[in-house]
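Student: My structure is below; once you've seen it, I'll send some questions.
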Amino acid sequence: MARAAALLPSRSPPTPLLWPLLLLLLLETGAQDVRVQVLPEVRGQLGGTVELPCHLLPPVPGLYISLVTWQRPDAPANHQNVAAFHPKMGPSFPSPKPGSERLSFVSAKQSTGQDTEAELQDATLALHGLTVEDEGNYTCEFATFPKGSVRGMTWLRVIAKPKNQAEAQKVTFSQDPTTVALCISKEGRPPARISWLSSLDWEAKETQVSGTLAGTVTVTSRFTLVPSGRADGVTVTCKVEHESFEEPALIPVTLSVRYPPEVSISGYDDNWYLGRTDATLSCDVRSNPEPTGYDWSTTSGTFPTSAVAQGSQLVIHAVDSLFNTTFVCTVTNAVGMGRAEQVIFVRETPNTAGAGATGGIIGGIIAAIIATAVAATGILICRQQRKEQTLQGAEEDEDLEGPPSYKPPTPKAKLEAQEMPSQLFTLGASEHSPLKTPYFDAGASCTEQEMPRYHELPTLEERSGPLHPGATSLGSPIPVPPGPPAVEDVSLDLEDEEGEEEEEYLDKINPIYDALSYSSPSDSYQGKGFVMSRAMYV
């Protein structure tokens, strides 16, 4: 009993020592309900205006805000208090930097202090004319009753958007690395990042100096390579990245390298022969700046009289033995000189090997085209045959898997034939009679035997004898009594429709039934009996 009593919960009130602890817990819980909402980082442009948001959330009825202050904990002691706002005394800016000229409360608007309860919930502070010294941590603090003091901290960053430019440097051909382009990002904070985009063999050299504005940096990147004619006219791209840019700045630069002429000679086709009149040599030049002079000469010192120099071209009026030499084209510009040589071999007769080679090349191309067309045609034919075989196999599978295309005669047709034999064989109503002539068994009575719907054609013996159609020499002909008069039109119509359906069904099974059927009886057979030989049953 004592143990059970010990397990029962105690119903005694809390001891007096627990009341202060419970009160502290309630106060701490209530204080956590109110918080200060600030941004962890705010960026402002150098020389511009920035707002530092600060809100007391959530609005609590009966909460009294006694004071709002902004402080800079990392500033010197005499500059830590930046701004304050009292419900009755209004705003105050004790620190000379930034001072009242550059600070203001956005919501309170430095009002007279009347009706400021709602305004104090929003303690957003605005800074005008940002300088580099304004960068740092700012603390927004609310002194409230009965919740106590709550605060939030914001980091203010002062950035400066740089000004970018890129330009090419006019350089002259040399064997040493030289700066051929510059990319400059001026007065940025923080310093900009510069890179180059190019397929040339290059390297970049970067320097940083202080900008004209305090706290800014100017970055210069030099695009360096060994200047040559290959680099002249090539476009490279300067890429500048900065946190104030939404996307990197891309600045194209076209390089300009001055170099002496690079010369080559064209026009010789290895088919110069004595007496040829349509020969020409051309001096092809690539240079910067443009060529200023062309000079044609030979290594032998003898210049053919039938060759005439016309600037960059050498026109030959008639080829003779003097052209068996080496021609030299010399080109000059403001940077230097370049030359090229071309050896000429003069033949006695035209060279047909080149024409044959050209014809062989053309023939080979045509043969390749024809072979490709034949191969493509063969592939298409094979694919078509394979497709047709696949479709045919699929159709055969469907035919094998599906139900049979015919069905045996229904018992209903036989029963109807047995019930109305006289109606089927009435010669007087030929328009309603069936297409097939029935036959009878001689050994059975007319009422017991089943009426057949088709019979075989007469044999040769039957055709040669004087028997009636359907009779044979194996037995005596059996007379068929004439049928009763025609029934009513309604019965004949029904019988006609059912007969046509059965006729179509049997024709689908085997078309030979149509060939074996007799035509409709004529008027000459009316009133006569019909006989059938029993030989077909043997």
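Just so it is clear, glycine is given a Cβ too, placed from its N, Cα and C backbone atoms.
According to Swiss-Prot, the feature domain 'Ig-like V-type' maps to 32-156. The feature disulfide bond is assigned by Swiss-Prot to Cys54-Cys140, Cys183-Cys238, Cys283-Cys329. Residues or ranges marked as N-linked glycosylation site in Swiss-Prot (evidence: sequence analysis): Asn137, Asn324. Sequence annotations record features per position, and here Swiss-Prot assigns domain 'Ig-like C2-type 1' to 162-256. According to Swiss-Prot, the feature domain 'Ig-like C2-type 2' maps to 261-345. Annotation comment: Swiss-Prot describes Ser433 as phosphoserine, evidence class a large-scale study or a structure entry.
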Student: Tell me the Cβ contacts of Cys329 (disulfide bond) under 8 Å, same chain only and six or more apart in sequence, or just say none.
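Tutor: Same-chain residues close to Cys329 (disulfide bond) (Cβ under 8 Å, separated by 6 or more) are Val263, Ile265, Leu281, Cys283, Tyr294, Asp295, Trp296, Ser312, Leu314, Arg339, Ala340, Glu341, Gln342.
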Student: What recorded positions in the list Cys54, Asn137, Cys140, Asn324 lie within 10 angstroms of Cys238 (disulfide bond), counting C-alpha atoms?
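Tutor: Checking each Cα against Cys238 (disulfide bond), there are no hits.
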Student: Within the domain 'Ig-like V-type' (32-156), how many residues are helix, strand or coil going by DSSP?
Tutor: 10 helix, 59 strand, 56 coil
Student: Need one number: mean pLDDT over the domain 'Ig-like C2-type 1' (162-256).
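Tutor: Across the domain 'Ig-like C2-type 1' (162-256), the average pLDDT comes out at 96.
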Student: CB neighbours of Asn324 (N-linked glycosylation site) within 10 A?
Tutor: 15
Student: Based on Cα distances to Asn137 (N-linked glycosylation site), point out the closest of the recorded positions Cys54, Cys183, Asn324.
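Tutor: If we rank Cys54, Cys183, Asn324 by Cα distance to Asn137 (N-linked glycosylation site), first place goes to Cys54.
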Student: Calculate the distance in Å between the alpha carbons (Cα) of Cys183 (disulfide bond) and Cys54 (disulfide bond), and round it to a whole number.
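Tutor: So the alpha carbons of Cys183 (disulfide bond) and Cys54 (disulfide bond) sit roughly 41 Å from each other.
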Student: Could you break down the residues of the domain 'Ig-like C2-type 1' (162-256) into DSSP helix, strand and coil, giving a count for each?
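Tutor: Going through the domain 'Ig-like C2-type 1' (162-256) residue by residue, I get 0 helix, 55 strand, 40 coil.
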Student: I'd like the per-state residue tally for the domain 'Ig-like C2-type 2' (261-345) from DSSP, helix first, then strand, then coil.
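Tutor: Grouping H, G, I as helix and E, B as strand yields 3 helix, 46 strand, 36 coil.
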Student: Using the alpha carbons only, what distance in Å do you get between Cys54 (disulfide bond) and Asn324 (N-linked glycosylation site) once rounded?
Tutor: 95
Student: Which residues, sitting 6 or more apart from Cys140 (disulfide bond) on the same chain, put a CB under 8 Å from its CB?
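Tutor: Set apart from Cys140 (disulfide bond) by at least 6 residues yet with Cβ under 8 Å, we have Val36, Val38, Leu52, Cys54, Val68, Thr69, Trp70, Ala123, Leu125, Arg151, Gly152, Met153, Thr154.
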